[in-house]
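Student: Residues or ranges marked as domain 'Ammonium transporter AmtB-like' by TrEMBL: C:48-418. What TrEMBL records for C:12-33, C:67-87, C:94-114, C:126-145, C:152-176, C:182-201, C:213-233, C:305-325, C:394-415 is transmembrane segment.
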Amino acid sequence: MTGAATNMRMKLPITCLILQIILIILFGTIVQYDDETDAKEWHEHLHNGSKDADNDFYYRYPSFQDVHVMIFIGFGFLMTFLQRYGFSSVGFNFLIAAFALQWATLMQGFFHGLHGGKIHIGVESMINADFCTGSVLISFGAVLGKTSPVQLLIMALFEVTLFAINEFILLTLLWAKDAGGSMTIHTFGAYFGLMVTRVLYRPNLEKSKHRNCSVYHSDLFAMIGTIYLWMFWPSFNSAITAHGDDQHRTAMNTYYSLAACTMSSYAFSSLTAHDGKLDMVHIQNAALAGGVAAGTAGEMMLTPFGSMIVGFLAGIISVLGYKYLSPILEEKLKIQDTCGVHNLHGMPGVLGAIVGAVTASLATPDVYGKGMEDVFPQIANGEFTASAQGARQAISLAVTLGMALLGGLLVGFILKLPMFGAPSDAICYEDSIYWEMPGEESHDNQLTAVRTEEVEKLNG
Amino acid sequence: MTGAATNMRMKLPITCLILQIILIILFGTIVQYDDETDAKEWHEHLHNGSKDADNDFYYRYPSFQDVHVMIFIGFGFLMTFLQRYGFSSVGFNFLIAAFALQWATLMQGFFHGLHGGKIHIGVESMINADFCTGSVLISFGAVLGKTSPVQLLIMALFEVTLFAINEFILLTLLWAKDAGGSMTIHTFGAYFGLMVTRVLYRPNLEKSKHRNCSVYHSDLFAMIGTIYLWMFWPSFNSAITAHGDDQHRTAMNTYYSLAACTMSSYAFSSLTAHDGKLDMVHIQNAALAGGVAAGTAGEMMLTPFGSMIVGFLAGIISVLGYKYLSPILEEKLKIQDTCGVHNLHGMPGVLGAIVGAVTASLATPDVYGKGMEDVFPQIANGEFTASAQGARQAISLAVTLGMALLGGLLVGFILKLPMFGAPSDAICYEDSIYWEMPGEESHDNQLTAVRTEEVEKLNG
Amino acid sequence: MTGAATNMRMKLPITCLILQIILIILFGTIVQYDDETDAKEWHEHLHNGSKDADNDFYYRYPSFQDVHVMIFIGFGFLMTFLQRYGFSSVGFNFLIAAFALQWATLMQGFFHGLHGGKIHIGVESMINADFCTGSVLISFGAVLGKTSPVQLLIMALFEVTLFAINEFILLTLLWAKDAGGSMTIHTFGAYFGLMVTRVLYRPNLEKSKHRNCSVYHSDLFAMIGTIYLWMFWPSFNSAITAHGDDQHRTAMNTYYSLAACTMSSYAFSSLTAHDGKLDMVHIQNAALAGGVAAGTAGEMMLTPFGSMIVGFLAGIISVLGYKYLSPILEEKLKIQDTCGVHNLHGMPGVLGAIVGAVTASLATPDVYGKGMEDVFPQIANGEFTASAQGARQAISLAVTLGMALLGGLLVGFILKLPMFGAPSDAICYEDSIYWEMPGEESHDNQLTAVRTEEVEKLNG
């Protein structure tokens, strides 16, 4: 079943080894412990009155681990819904995340500011690296089943770079706020991936259509991913917000947004089915849209009430997107979006960006008090008005969409180079081209054997 | 296979949307950030000498997330043991939990005391809301496979309300201690659910008996739920105890109680089988009884020794319940308890309540020192004697049993209303009446196809 | 299929109950709350100026829970890769861990120093008990599928004891550093298990060979174990390091070691396959070797650069071990290592020990500053030179290897006693000898029924 083109014997090892050796050299050259991970520096802080409990590790490491679970279990298992692509879903997710988090450390470190020519790292940079990785995994969802691991590593290489540039423009140049990444992570990752999959359009993909669906147990595996993403989204959105009320409030806003989103997702999943039956695709995905949509405004004084409205709308938009918009995108715009990332990350991300812009423009000292300094430092120090902050948030959305679409266009064409070993249209969504499959004695293969016998008998 | 009665096309969307819109309106009207999540209020605390590290977020959020995992992964996957009810187990667990945690915020907030007519929320209310949700999910275990999602939402609506009233009586009126909820959560949830399933008794349930059992992989999915519940139970019992030694001690007591319980569960599972083989039902459930039974006394000076005895007994009681009592309850009392919640939550909850009453009545200043103020403030300030505290604990158990049984009776009759779309006796424990099932091309369905061919050939 | 020898009806209950009752008696006699879990003692600390936030619970409990997940989900599910041994993998892992953590509390408490004849326990002892348990579970991996639960409990009894002695020699007598246990946990557990499986050599194990392999979904279950181990390894290595920079740095070093290891594992898995296909065995195991190899030096000033080199090498060594060394060990040395623990824990553990010795010998005050006191207190106070510390690390490795091999030899012969009910060579890797299997009506058994019909028809 494996043609020469998809044989990864040389391509994959060489790509992995070259990338990793470059990473090691660059880390050796320009990366250092920050003040909180360096033995000498931290103990000087202690000497000057800090306490071990002040180390940022204790403020952020539990959140980091929750984010880490989302990246590796959440995204990885969410994509195992396909019947014969579970190894690749979890396995390639694992590979490209392991690469992307290292590369992101360098790219984000470079743009976030060097210290004497060096990148300083600690738990906050680890969270940011995982965030950037999340964006790559969103794009992976759009091209799932149709790309080789080498293509995915190359995509990650470029996408991380562009992510870091976009993030720099938004957070440093425009002073936008986007702690949970409605724009930087979700909107960027989704539209980047959609453009890549558009460029990689496969007119004969129906040859693999019979594998582009789930089976009973693959849907249960996918639910592991869904539930972990859902549970830990409050940690995701709050992981890098300011200490104190900011982390606390962001987590809580996200919690209520997700709860409301789940209710509207179930409602619309049942409502849009002719027989009222729930669709696992909606439950696995749309119920998460509330987390995406609370990514920008979650740290603001959105109130639980506001969070619930946002989540409620996100769930509706997402289900309707899966039901009505995805088929149109595929037929009219030739966008083959395997996981429907437009519905889970794209539209809810845009919604989140808009909610963030509106909420920012409504910020008043009366509501935020001294807390304004943490959420909107430029409003607090009089540099911007609230409206100006809102405008910058809106501009950030536009920049993100532009960067994502242009970047995806560029990278899509790069990925079309034949040397990267993309599978042919007839063997998409199939693990066996990249993985040793379990042996002949296995349970599943005994089934196959029975089926084969049966078919032969019916034929003969 | 789906009759008109079980078609959820209108019932489920309308129920979800009405409930969620009511929730949003109520949240908009009466819910506010508490002092630790509100930007202005928290920064006034900071101004008055608090530090960000004092924010309750850092004391409780990791425990909250562990509890959250128990609610959504633990309960959800524990119930996937049924061969064709995995979608519903995880999916309805998800739906009713998303509803119940919002509704619980309101009900508990109302009874825990308003602030100027408003409910103030933060991480502690989030934990409490998850706790209350846990109680509903325990009841769900009793009726699993025999109720529609609309029935479950209605059950959650009433059960949360009654839970909050019972909790108010116990904690506020009687000054009982029950941090891990042996009474408020487990005893209440179990007996409420048992009474509901009694009222909903199905004389012809044997028509669905062939689906009321596990398959190999469904038992493995269920073990995911079991293990997560087991691991995080120390966080559950300690999540809302006082800061410092209380949280620390509660977690440790629970850890040892669970370890001892696991040992006795394995011993009795093997001992009660004619051929010495272990029964997955016992391992999946009885091994958790030690957490339930440490729910009241866990925060007290129970000692690791005492905790282990409690866990050891809980495991034995639970296995014996599954083996000998459940069949009697079903035959004689017409209680069809799908997950055996009486054995996992009912009896161990009562045991926990009794252990709590005894341990409280033995509290002395010599053992607790100044720590008495955290565990038993009324004993510390001389309001009660230790015996009086013990008596109040015992009364609390009686109140809980009464509330649960009466409440379950009432709600059971409400759920019998035909409009809620319960499945008929012949299609219980079956996902396909509520869920779009994976398509014809799937692996499982190919199996079905083979089977069908086979059967036809054998017949003709 | 179950012979008299493997009938656990009396053996398993008696073993569990005797062990647990002994544990309870010993806990009742010699175990006490430590100062941070005891109500009275902690409140005296508070009286003397401590704060609740200083309680070690807040520094270590989140790490403890991550470690706990690795022990019960990580190890448990990693071993579910076998097609018909999932119940036993998760279930026996659960049982022996529940026993071992209690026994380890006593053994480690005894060697770590008594307080007035009593063992004092709290979150740090809980982490240490879980660590010791991890070592037993590594050995379990070597004998997986070939031992009865009674044998496993007896093995745990002895292994925990020897672990505690070895740990005492290393950490207390030799003053070696080994926070993440490259030596104490991984090297010890692996070589102990390898020697046990050598002594238990089964010449006719090929009779069960058809069950010693995976199926599609069992490999996905195993990936749950892998990914959890991978994600939480930073917490494992940092769980008991000093507060502040030490925990922070250790977690970060491990994170980068693992990322680099994943890249090299994928590269070499593909490179060593004739058709370039990835092997699930490598991905499930070798990608974790970077965590093992960072177990000793992770807390040192290894730098992210150094960590990545270590992880990179560990991945390569591990894949090559699975590919080329394991078959040799089995054929020439008669070591039947079911999970390949030599490749995941043995060689990477030794590598980690060597890296630790080298890194320690290079420690300078210029790099560590005042932080030297936390990492190498004997170097800081002038008791040792850095070279001497390095030498002690190297001696520790030798001691560990000796203790593990001798201990394994001894325990292997004990386990050969026929009364422990080992399965015969023809029924290894088979759940049904120890577990009630799902009933006849199940999906899998329907498949079996179809297969049986089919075979009969073909034959007749």
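Cβ atoms here come from the backbone N, Cα and C positions, even for glycine.
Can you tell me where each of these features sits in the structure?
Tutor: If one looks beyond the transmembrane segment (C:12-33) by at least 6 residues along the same chain, the residues whose Cβ comes under 8 Å of a Cβ in the stretch are 41, 95, 99, 102-103, 105-106, 109, 114-115, 117-122, 148-150, 153-154, 157.
Sequence-remote contacts of a segment are chain residues at least 6 beyond its ends whose Cβ falls under 8 Å from one of its Cβ atoms, and for the transmembrane segment (C:94-114) they are 16, 19-20, 23, 26-27, 30-31, 71-72, 75-76, 120-121, 125-126, 128-130, 132-133, 136-137, 140, 149, 152-153, 155-157, 159-161, 163-165, 167-168, 172.
Same-chain residues lying 6+ beyond the ends of the transmembrane segment (C:126-145) with a Cβ under 8 Å from its Cβ atoms: 60, 63-64, 67-68, 70-71, 75, 78-79, 82, 85, 88-89, 92-93, 96-97, 100-102, 104-105, 107-108, 112, 151-152, 155-156, 159-160, 163-164, 167, 181, 184-186, 188-190, 192-194, 196-197, 200, 208, 211-212, 239-240, 337-342, 344-345, 408, 428-430.
Away from its own ends, the transmembrane segment (C:213-233) comes close to residues 66-67, 69-70, 73-83, 86, 254, 258, 262, 280, 283-285, 287-288, 290-291, 294 of its chain (Cβ-Cβ under 8 Å, at least six residues beyond either end).
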Student: Would you call the transmembrane segment (C:394-415) and the transmembrane segment (C:67-87) in contact, using three or more Cβ pairs under 8 Å, pairs 6 or more apart in sequence?
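Tutor: They are not in contact.
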Student: Below 8 angstroms Cβ to Cβ, which residues of this chain, lying six or more residues outside the transmembrane segment (C:182-201), approach it?
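Tutor: Contacts with the transmembrane segment (C:182-201): 131-132, 134-143, 146-147, 155, 159, 162-163, 166-167, 170-171, 176, 292-297, 329, 333-338, 341-342, 344-346, 348-353, 355-356, 396-397, 400-401, 403-405, 407-409, 411-413, 415-416, 422.
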